[in-house]
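Below you'll find the structure, written out as structure tokens, and then a few comments.
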Amino acid sequence: MLTPEENLLLCRVEGDAPMGQMMRRHWTPVCLLEEVSEPDGTPVRARLFGEDLVVFRDTDGRVGVMDEYCPHRRVSLIYGRNENSGLRCLYHGWKMDVDGNVVEMVSEPAASNMCQKVKHTAYKTREWGGFVWAYMGPQDAIPEFVPPAWAPHEHVRVSIAKAIIPCNWAQILEGAIDSAHSSSLHSSDFVPARVGGAEATSKNWLRPSTDKAPRMQVERTSYGFRYAALRRPIQNAATSEYVRSTVFVAPATALIPPNNLYNVANINVPIDDTHTAFYFMAWGNPDNTPETETWRKFLGQQVGIDLDDSYRPLRNDGNRFFQDREAMKNGNFTGIKGFPNQDIAMWVTMGPIADRSDERLGASDLAVVEFRRVMLDALAAFQAGESAIGTGEKAIPSRICSFQAIVSKDIDWRDYQARYVWALDDANIVAEPDYEVHT
């Protein structure tokens, strides 16, 4: 439980809000690469931390991320002409390059040197892992871009589903790091089976446990924390634990325990105080990791079917998230197709910014409590002049990963040699009674 004041510190990201300023000290995904794949193509609107942006790929293939509004009369550049290595405003023809230099002012006298006196707000960018990234912190102290843990090298396949969610980033992040809810909310999609660990089929994720009350243990790190949800396995319960270890990488990434085929992660990028860009990634060996559209279909996150052209879910509170009550009577736990859509329903119905002053937290909420403590402690340190969490001396290590495994009770999960999934393991699937496996 947080006080109303603490809750606002955690959630607010716009303008001078301390949390937003701290988060700006990280390279942040702005949009998908596929949204700006074409040189001289249509500019794309983006919004981060309450700041309106325009994203475009110029004639030379360089990506620009700039203030959406022209420095002349503040007209939107979304409708501008993307041509000849710059973006030209339709109103008076001012043209900016990807660095924010005003390279043409056709409405000014030929002898004018006004171009040299005006600089448009633009941010340094990188392309990696299917995203356009921007550094929106101080532009005189831009850190080197470091590939994230979920895209460690260029040979990795990264398939991304994107959705714009009408609620605050923190309640989405809390859902991502909450292992306990999956045993209930996702029980029709995460099916208990006699397997040696979590396994993926084309329709389900399987897990070797029916335990709905995991014991939680947490370990704080310099970049966030990692924790374990310990469950009784279906087999060898007397000598083993089923461990699902999730990693929170500040400020807004969760490394989710993988399955036998590929790794899973998500990033929750604050659009503003009450909207979030939720990115759900499958990544790993190209031979095992689903292609992008296959991944989106599996999740129920396809544009034109589940989302509109702006990535907003067609399922919403107004249509009850297309909940099928008849399916619920026949055994489906939620009646909502696609487990991310089940999550979205929970996040959205908490309100635009969740009220954390009237909660009743239990033992299963340990990771949620730790997330709040970590971020508020990090914010206090940042306001006192220290570097932002996950930067400087507290930089995120290059090799961190989540894991899931059946582990002997003699082994502490903290000492388990975790590695990300790359090789393909053979599956021998036997479902538990009363559960159905779709392959």
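Including glycine, each Cβ sits where the backbone N, Cα and C put it.
Some features that Swiss-Prot has for this protein:
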DOMAIN    27-134  domain 'Rieske'
BINDING   Cys70, His72, Cys89, His92  [2Fe-2S] cluster binding site
BINDING   His181, His186  Fe cation binding site
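Recorded features from Swiss-Prot, shown on the structure.
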| residue | record | Cβ neighbours (10 Å) |
| --- | --- | --- |
| Cys70 | [2Fe-2S] cluster binding site | 24 |
| His72 | [2Fe-2S] cluster binding site | 18 |
| Cys89 | [2Fe-2S] cluster binding site | 23 |
| His92 | [2Fe-2S] cluster binding site | 14 |
| His181 | Fe cation binding site | 17 |
| His186 | Fe cation binding site | 18 |
With DSSP helix as H/G/I and strand as E/B, how many residues of the domain 'Rieske' (27-134) fall in helix, strand and coil?
11 helix, 49 strand, 48 coil
For the C-alpha pair, I'd like the distance in angstrom between Cys89 ([2Fe-2S] cluster binding site) and His186 (Fe cation binding site), rounded off.
48
Determine, for the [2Fe-2S] cluster site, the additional residues of the same chain whose CB lies within 8 Å of the mean position of the CB atoms of Cys70, His72, Cys89, His92; present them in sequence order.
Pro71, Arg73, Val75, Leu90, Tyr91, Gly93, Trp94, Ser107
For the domain 'Rieske' (27-134), mean pLDDT (0 to 100):
97
